[in-house]
């Protein structure tokens, strides 16, 4: 049975690099813990999102536990092109995880940007930007062990205070065969400070592979401005898409049709209530009054949410 599934999946697989050769800016949904799961990816793909990432998955757990695989990774034949993002610190573990998802996804991404304390203390995420040889080794290992030449291997990084170190890291990754690099234009310490788009531009000018710009992109206009500012080949958006999943299609705020689509998709996928509700809270942030939020945000069941949307918005 698995063989049948793999065959139907494989014929749907795409080469993500084709997007970067299209001459258009590639519009990407970021890896978001709890949020960039299959149902939400299905929604943003309806609204001009070109490429989606899964939430970050810890590769060691994924390889070791079938339960982790079942809960962390779900996809379907319309969910392409798809990049599975892993947290890893050992080349062979990353390879083993890549091999498991290879028949069902179009590439993997190594997280070298997560600044959370738990990730850094475990040797994952942003601490890897200080280990360029390890990153190079991990990329090279996956490249040599995955037979499919169209399967992409990318990395997502933050920048160093000394940008020369970031350029060096990127050039080492490029030499190892990385497909593209996503640059979040802040250092590990920076949270809400302005994004260093000038740094992304310098990195772009130092490389011959595609570079994706990430950080504080909230509208399609922002995406276009940042593309011109950085010369990046793609833009990756997180919070901006949570607030407005139709952003890439040019909507200034979430249209009611998008809310309707989310309700339909979430119910069809059996999305847990908390996740279903949280997405709606994000989407309706800009279009509801303080008073409405007070009522809507404390609803505690799917039926209560559906009644509210029907009564107030005809959704």
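Even glycines carry a Cβ here, placed using N, Cα and C.
Feature annotation from TrEMBL assigns active site, proton donor to 114. The Cβ of residue 114 (active site, proton donor) lies under 8 Å from the Cβ of 56, 87, 120, 124, 125, 126, each of these being in the same chain and 6 or more residues away along the sequence.
Under the heading FMN binding site, TrEMBL lists 31, 32, 33, 85, 184, 238, 239. Within 10 Å of the C-beta of residue 238 (FMN binding site) we count 20 further C-beta atoms, all protein chains included.
The domain 'DUS-like FMN-binding' annotation in TrEMBL covers 29-292.
Of the listed binding-site residues 32, 33, the Cβ environment within 10 Å is emptiest of other Cβ atoms at 33. Confidence over the domain 'DUS-like FMN-binding' (29-292), given as mean pLDDT on the 0 to 100 scale, stands at 97. In sequence order, 31, 53, 54, 55, 56, 57, 108, 109, 110, 111, 156 make up the list of same-chain residues 6 or more apart from residue 85 (FMN binding site) whose Cβ falls under 8 Å from its Cβ. A count of other CB atoms within 10 A of each Cβ picks out 184 as the most crowded of the binding-site residues 184, 239.
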